[in-house]
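**Student:** Quick paste from TrEMBL:
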{"type": "ACT_SITE", "residues": "H62", "note": "active site, proton acceptor"}
{"type": "ACT_SITE", "residues": "Y132", "note": "active site, proton donor"}
Amino acid sequence: MKFIKTEIPEVVLCKPTVFNDDRGYFFESFKKNTFENFIGYPVNFCQDNEAKSTKGVLRGLHYQLPPFAQSKLVRVVKGSVLDVVVDIRKNAPTFGKYIAIEISEENKYQLFIPRGFAHGYVGLSDEVIFMYKVDNYYNQEAERGIIYNDNFLGIDWKLDEKELIISEKDKAQPLFKNADIFENNKTY
Ligand SMILES: Cc1cn([C@H]2C[C@H](O)[C@@H](COP(=O)(O)OP(=O)(O)O[C@H]3O[C@H](C)C(=O)[C@H](O)[C@H]3O)O2)c(=O)[nH]c1=O
């Protein structure tokens, strides 16, 4: 697995080493020791999630407030998505910045999203199976969000507005300026 710091250095792109042969392929999709060696601190994932989407389904931008904040290690096993991560750590040098990376069945990329970030993704293929690990349990009361088309963030989701399929909950998310954001730049 190769680990690459993104433009937001705490957000890490993970590129697996894939072993192809005439039967198909094999790769180690997660290895705690090499992952933590690169990240530089322990991450104890406690829950795995899976979501199926179709093209244009946009989930997000979501996060959970401390003490229920979640780190996420996300990947796509079917199709492709544009994965978007927004820095919501007040006083962080990249506060309010976002990165967008295509993650797919094809490239097998994974993205590590630490606590202190909002996360969302949009399906780019007809069928998407999205799988991810989180290091804190789901807590509905602590769930918060930011509207996907916030003007300050100016996220380019790559698809036309009319192609997007968004839940009523996500259509009602607040603007970035009104969101409950994280205090200071510390690990939660
Ligand atoms: C996230 C979650 C949801 N649920 C239940 C709650 C709802 O009854 C149903 C669908 O939940 P929701 O519409 O919040 O699912 P997504 O829109 O995919 O939410 C996720 O989307 C963005 C991209 C994320 O990064 C978060 O992991 C998460 O917020 O699953 C659970 O039971 N456990 C969970 O961990």
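A Cβ is built for glycine as well, from the same backbone N, Cα and C atoms used for every other residue.
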**Student:** So if I measure Cβ to Cβ from Y132 (active site, proton donor) and keep only same-chain residues at least 6 apart in sequence, which ones fall under 8 Å?
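**Tutor:** In sequence order, the residues whose Cβ lies under 8 Å from that of Y132 (active site, proton donor) (at least 6 apart) are D48, N49, K72, L73, V74, R75.
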**Student:** Can you tell me how many other Cβ atoms are located within 10 Å of the Cβ belonging to the residue listed as 'active site, proton acceptor'?
**Tutor:** 17
